[in-house]
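Below you'll find the structure, written out as structure tokens, and then a few comments.
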Amino acid sequence: MRKALNALYQASTAMAACCLVVIASLVVLQVFGRIFDWARTVVGLEPLGLQVPSLAEIAGFLLVGASFLALSGTLRNGDHIRVAILLQSVPKVGARILNVWAVAVALALAVFFTWNAGLLAFDSYKFNETSYGVIPIPLVFPQSVMTFGLLMFSIALLDDLIMALTGKAPSFESVVKADPIEGKE
């Protein structure tokens, strides 16, 4: 089960990285298109108008996807912001209780947002909602990616809550103790 969950978190993080690569590729393509058009005008030719339509909108959707898909992986690597000073200032039992409470609250919020993001994606599908850009993109696609990222985050939080409740260290805690700079599991 541990290998399957870790593979799921890594796959989600890899998809986030792919979103960033696509953003960078589209921006580079747009820049080279503009440079090519400029070069054509310098030599007296008509510019071809090379551009990536709706680039800002597509990049925004991909950035949302990258942000949400990376949540579970960054949690597992201990890269989320935590208030460790408070946990270090209370006795060990109190720190464990605070940790369980924080993960449980985070899980409740993540499940709430996952559910509502799923409802939003379903509504966009049901009513065939599209974006207003040059290319009308069905909103169900970016909203589904956001929902999937939130679902992965919820699973990672549930995983850590179970670890904390059974007396084991959650992933982010063991990573922080192991290597606060690099974060190794």
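Placed from the backbone N, Cα and C atoms, the Cβ positions cover glycine too.
Positions annotated as transmembrane segment by TrEMBL: 7-32, 52-72, 93-115, 135-158. Taken from TrEMBL, the feature domain 'Tripartite ATP-independent periplasmic transporters DctQ component' covers 27-165.
Looking at which of 7-32, 52-72, 135-158 has the most CB pairs under 8 Å to the transmembrane segment (93-115), the answer is the stretch 135-158.
Taking Cβ pairs closer than 8 Å, the transmembrane segment (135-158) reaches residues 5, 8-9, 12, 16, 53-54, 57-58, 61, 64-65, 67-72, 75-76, 103, 106-107, 110-111, 113-114, 117-118, 120-121, 124-125, 128-129, 171 in its own chain, all 6 or more past its ends. Counting residues 6+ beyond its ends, the transmembrane segment (52-72) has Cβ neighbours under 8 Å at 8-9, 12-13, 15-17, 19-20, 22-23, 26-27, 29-30, 33, 131, 133-135, 137, 141-142, 145-146, 148-150, 152-153, 155-156 in the same chain. The helix, strand and coil residue counts that DSSP assigns across the domain 'Tripartite ATP-independent periplasmic transporters DctQ component' (27-165) are 104 helix, 2 strand, 33 coil.
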